[in-house]
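Feature annotations, courtesy of TrEMBL:
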type	residues	note
TRANSMEM	36-55	transmembrane segment
TRANSMEM	112-134	transmembrane segment
TRANSMEM	146-166	transmembrane segment
TRANSMEM	172-194	transmembrane segment
TRANSMEM	215-242	transmembrane segment
TRANSMEM	248-265	transmembrane segment
TRANSMEM	272-289	transmembrane segment
TRANSMEM	301-320	transmembrane segment
TRANSMEM	401-424	transmembrane segment
TRANSMEM	431-452	transmembrane segment
Amino acid sequence: MSTSTSEESANPSPPAQPAAAAAAAAAWPRRRCHDVFWLLVFLLHLLVFGGAFAVCGLNRFGQADRFNIDRFTNLTAAPRVAGSPEPAPAPPPPSLAAEEITPTSELTESYWPYYGAAGAVGAVLAWAWLAAAAGRKDGGMVIMRAAVHSLTAYLAVVSVLCFWGKHFFWGVAFAVGAALHFLYVMSVLDRFPFTMLVLQKAVRMVWELPDVIRIAYAFVLVMLCWMALWSFGVSGIVAFHIPNGGQWWALLIFSVSLFWTGAVLSNTVHVIVSGMVFLVLIHGGQAAASMPPKPLLKSLQYAVTTSFGSICYGSLFTAAIRTMRWEIRGIRSKIGNNECLLCCVDFLFHIVETLVRFFNKYAYVQIAVNGQSFNRSARDAWELFQSTGIEALVAYDCSGAVLLMSTILGGLITGTCTGVWTYFKQSDKAIMVGSTSMLMGMILVGLTVVVVESAVTSIYICYAEDPLLIQRWDPEFFDQMSETLHQRLQYRSSRARQILNSRLDQLPNTSSI
């Protein structure tokens, strides 16, 4: 006995791991980075474009053509043959000859205040949208209903203003947008009751998690800081007279850069909020004893470290594919018995559905929960929906389109305010400043709208994983979702039988021998 006691004292056992640390390690397993290539591409893009913004802005900040870049834009000057007389300078274009261009009107600071106003208007709209969603349970619903009903009229008004300002291309573009929005709303009008129900429950979830609201506000501030540099460079481009439409091409490239950056920040918020909502639904509430410690900070840590490459990758393609899918689904549901048109739309539909399998917004929930790569997360989420039949419910829901309408309306308001101010100061630059300001407003409002969208995607993933999670959270909502899912599955089954019977009827009758 004494020998064993002495051996135990000589070789003491290692101290036991605290229970809290063990629980934290089990709740938050170690993850490895995915899609690192796209992370490096995004960081390189920030570095390259950040330098370009600084150079373009400084080139005309306080001094016209500080870096002597004008010599690279003289594309129309013909080379002079040796010994020939020096050609006379070409007369200025009529649009520039009619008004005197002074050095002051060509400086970066002449246009930077307009973009400062656009950032302020967009930030106020984003703050108001999020405050309405977080302040009252029905505040966000009021704004979303207003966006659905007023977007067509607002697009039509902007179209009229463009025609009045003799910008016929933009007038036609906004008029077509108003018509497409009206047709889409009419084609999915029967889906709005269920869509509004889902959005109402998502707003309720956000309303119960005030910490995610602070995250959205923080990312809006980060986006405003990057927009300050972006608008500095864009102001230099607007003040820089590049012939042959060079200004528009430069603005297009800079706008794509801003869109990708805004999409990355928005989807980062998506991952953070999705991880938080998923944990709340899994554990039965934020105050549950089984809830992991510091869930919001851990979600933020994973989103900006191991999962950031997957977010950068998905942000390149997801938005465009989702928009195409909404439009094709809306058209497909109203075709009727036109077999030729149905065949063409079905061809496009299957192409988009294949892309959706690898690029969908539900991947961000899987990224938040499992820390997988983007393509694998998107595939797992879509296979989960297909295997459980929830895909029929997801396809019926138009919550993403309704939230996009709110984002577009915020961008239009921002672009209109800035464009009208620019028109009365420098009318020839109103469209340039207004269109780029509209993009700024859409990105800022989108950073707050994504909070509700994250709650929607998490609700669907949890319902597909285990419907009892939704039943425990809201029994009435669970019954409504189950009833709608049953109706949609019955509708798909009857439609498939109808299509099959119509194709069998078209087969030639063969007499039995």
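These residue numbers are counts, starting from 1, taken along the chain as shown.
Backbone N, Cα and C define each Cβ position, glycine as well.
These numbers come from a predicted model, not from an experiment.
Note on the transmembrane segment (36-55): residues 67, 229-230, 232-234, 254, 257, 260-261, 264, 308-310, 312-313, 316 of its chain, located 6 or more positions outside it, place their CB under 8 angstroms from a CB of the stretch. Comparison of 146-166, 172-194, 248-265, 431-452 by number of C-beta pairs under 8 angstroms to the transmembrane segment (401-424) places 431-452 first. Here the transmembrane segment (248-265) lies next to the transmembrane segment (431-452) in space: the count of CB pairs under 8 Å, restricted to residues six or more apart, reaches at least 3. Using the rule of three or more Cβ pairs under 8 Å, pairs at least 6 apart in sequence, the transmembrane segment (172-194) is not in contact with the transmembrane segment (215-242). Counting only same-chain residues 6+ beyond the ends of the transmembrane segment (215-242), those with a CB under 8 A from a CB of the stretch are 50, 52-61, 69, 73, 96, 101, 105-112, 114-116, 118-119, 123, 126-127, 130, 250-251, 254, 257-258, 261-262, 265-266, 268-269, 272-273, 296, 300, 429, 432-433, 436, 440, 443-444, 447-448, 450-451. With a threshold of 8 Å between CB atoms, the same-chain residues lying at least 6 positions outside the transmembrane segment (112-134) that come near it are 57, 140, 142-143, 203, 206-207, 210, 213, 216-217, 220, 224, 227-228, 231-232, 234-235, 406, 410-411, 413-415, 417-418, 421-422, 433, 436-437, 440-441, 443-445, 447-449, 451-452. For the transmembrane segment (272-289), the list of distant contacts is 205-206, 208-209, 211-212, 215-216, 295-296, 298-300, 302-303, 364-365, 368-369, 450-451, 454-455, 457-459, 461-462, 469-470, 472-473: same-chain residues at least six beyond its ends, Cβ to Cβ under 8 Å.
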